[in-house]
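> Pasting the feature list from Swiss-Prot:
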- 1-10: topological domain 'Cytoplasmic' (TOPO_DOM)
- 11-31: transmembrane segment (TRANSMEM)
- 32-48: topological domain 'Lumenal' (TOPO_DOM)
- 49-69: transmembrane segment (TRANSMEM)
- 70-129: topological domain 'Cytoplasmic' (TOPO_DOM)
- 91-141: domain 'DHHC' (DOMAIN)
- Cys121: active site, S-palmitoyl cysteine intermediate (ACT_SITE)
- 130-150: transmembrane segment (TRANSMEM)
- 151-179: topological domain 'Lumenal' (TOPO_DOM)
- 180-200: transmembrane segment (TRANSMEM)
- 201-435: topological domain 'Cytoplasmic' (TOPO_DOM)
- 359-368: compositional bias 'Basic and acidic residues' (COMPBIAS)
- 359-408: region 'Disordered' (REGION)
- 376-388: compositional bias 'Acidic residues' (COMPBIAS)
- 389-405: compositional bias 'Basic and acidic residues' (COMPBIAS)
Amino acid sequence: MLCSSFSVSRLAIPAVCILIAFLAYTSQIFFLYFEDAPLKEDEVWRINILAICIWICYYRACTVDPGHVPKGWMPSDRERLKADRASGRQRWCRRCEAYKPPRAHHCKTCERCVPKMDHHCPWTSNCVSHFTFPHFARFLFYAVVGIAYLETRLWQRVSKVWGSRHLPSYLGPSMGQIGHLFVLFVTNSLTLFALSLLLLRTLWSLGSNTTTIESWEIERHETLLRRARRLGGSLPGPGGISVHITKQEFPYDIGIWSNIRAGMGGSANVLSWFWPLARTPDRSTGLEFEENGFEDPTVSWPPPDPDRIPLPPMDQRDSFMYDITDTSGTSGQIDIEAFNRRKEADLRRRRAPTEIERRKPFHVRLEEYSNGSSDAEADTGSDDDSDHGEEGWKNSEGERLRDFGVDEEAEFYDEEDIPLALLIQQRAKRQHLSQ
């Protein structure tokens with residue numbers, strides 16, 4: 001019986017290694033004994049050189065540290081930080097108890113904020129980030145090139161076997177060889193198809209300087225714009241606030257050449273982009289990124305999202321009270337149902353700060369607003385219903401934030417609860433610099 005701590009994800013790297021070895025080396029054994037069309041010497045060299053490149057790039061994609069936010073790091077742009085706080089953007093990570101740089105996200109698996117996090121890849125058991133993306137992209141490139149080359153060699157043998165299908169069996173390959181060829185060809189073809197799609201997606205991200213998480217954020221922003229147009233340009237936020245939604249351009253698309261250069265470690269040497277032993281991007285980078293200047297300098301990404309704005313402090317929320325309505329026209333009577341609803345909503349708002357107040361999906365809240373429910377009743381849902389909260393919003397491909405390895409609670413419900421000690425420390429540092 002497997003131990004309770006065992007996870008299937010631990011088998012991912014061994015499975016990939018077995019697949020690489022199976023395609024790269026058992027295929028050569030097959031070619032060695034396939035008398036009708038043995039491999040030429042130059043073909044053997046090509047297969048093995050490509051296999052070495054795949055092994056090196058995969059090893060580095062698995063083992064290179066995806067990076068972390070330096071202890072005590074603070075944003076250098078104070079004006080943007082103030083604007084972020086005003087708009088509710090999550091720049092403070094409650095999990096790490098530290099500021100998050102632009103494009104950084106808290107990975108649930110790595111349990112830290114990762115600079116320019118793209119996604120947590122289950123096949124490398126590592127985050128694809130500012131520091132590991134070049135190795136990951138090279139691995140995909142050499143894997144597709146190597147598998148495509150092997151596909152052409154296998155197809156030649158498949159064609160020969162098919163062309164001699166009417167000859168006596170003793171003149172052709174054995175049943176074991178045919179079975180081996182069939183398994184090699186099917187496995188290689190399926191792997192080539194899957195990795196080709198992933199490589200194309202990665203190249204698109206590289207050319208547009210957009211991570212998979214940011215692609216999700218762009219689609220989320222477009223959804224919020226459509227919702228806002230239906231409701232007069234604004235959307236309701238927590239605590240009954242109204243958030244004006246305007247179109248915001250993605251700031252990190254700085255031109256295809258500059259995008260590729262930035263994604264591949266900042267080097268302008270094209271050959272280094274393909275070199276398996278190329279150095280990892282400098283560890284001093286990954287905290288600030290060049291922008292295209294289409295938006296005001298104080299505006300940061302991602303755009304304001306009413307469902308990701310922190311709940312107002314307790315002293316700024318509505319205090320507990322009951323509704324008194326005059327149903328008879330002569331004397332006030334207590335509406336018991338409204339009283340109980342307000343009481344339950346107030347108790348939910350007064351939970352311990354470690355608990356999460358989840359927001360219901362937009363279509364549910366919209367229906368409840370139209371039915372006359374109060375903001376507090378319509379806003380928050382049960383903790384047990386987490387899979388159906390607004391943090392479960394999916395893009396057109398059916399992906400939600402947790403599919404990229406992101407800690408959804410930290411991204412959607414993290415409060416700007418910056419410790420008082422840190423605020424005092426920041427103030428003292430500013431006073432020291434001004435002297």
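Placement of Cβ uses the backbone N, Cα and C atoms for every residue, glycine included.
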> Return the residues near the residue listed as 'active site, S-palmitoyl cysteine intermediate' by Cβ distance under 8 Å, restricted to its own chain and a separation of at least 6 in sequence.
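The answer is Ala61, Cys127, Val128, Phe136.
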> For the topological domain 'Lumenal' (32-48), find every same-chain residue at least 6 residues outside the stretch whose CB is under 8 Å from a CB in it, and list them.
24, 146, 149-150, 153, 156-157, 160, 164, 172-173, 177, 181
> Report the DSSP secondary-structure composition of the compositional bias 'Basic and acidic residues' (389-405) as helix, strand and coil residue counts.
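Across the compositional bias 'Basic and acidic residues' (389-405), the residues distribute as 7 helix, 0 strand, 10 coil.
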> Under the DSSP assignment, what numbers of helix, strand and coil residues are found in the domain 'DHHC' (91-141)?
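Reading the DSSP string over the domain 'DHHC' (91-141) gives 9 helix, 16 strand, 26 coil.
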> Report the mean pLDDT of the predicted model across the topological domain 'Cytoplasmic' (70-129), rounded to a whole number.
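Mean pLDDT across the topological domain 'Cytoplasmic' (70-129) comes out at 82.
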> Treating G and I as helix alongside H, and B as strand alongside E, what does DSSP give for the topological domain 'Lumenal' (32-48) in helix, strand and coil?
10 helix, 0 strand, 7 coil
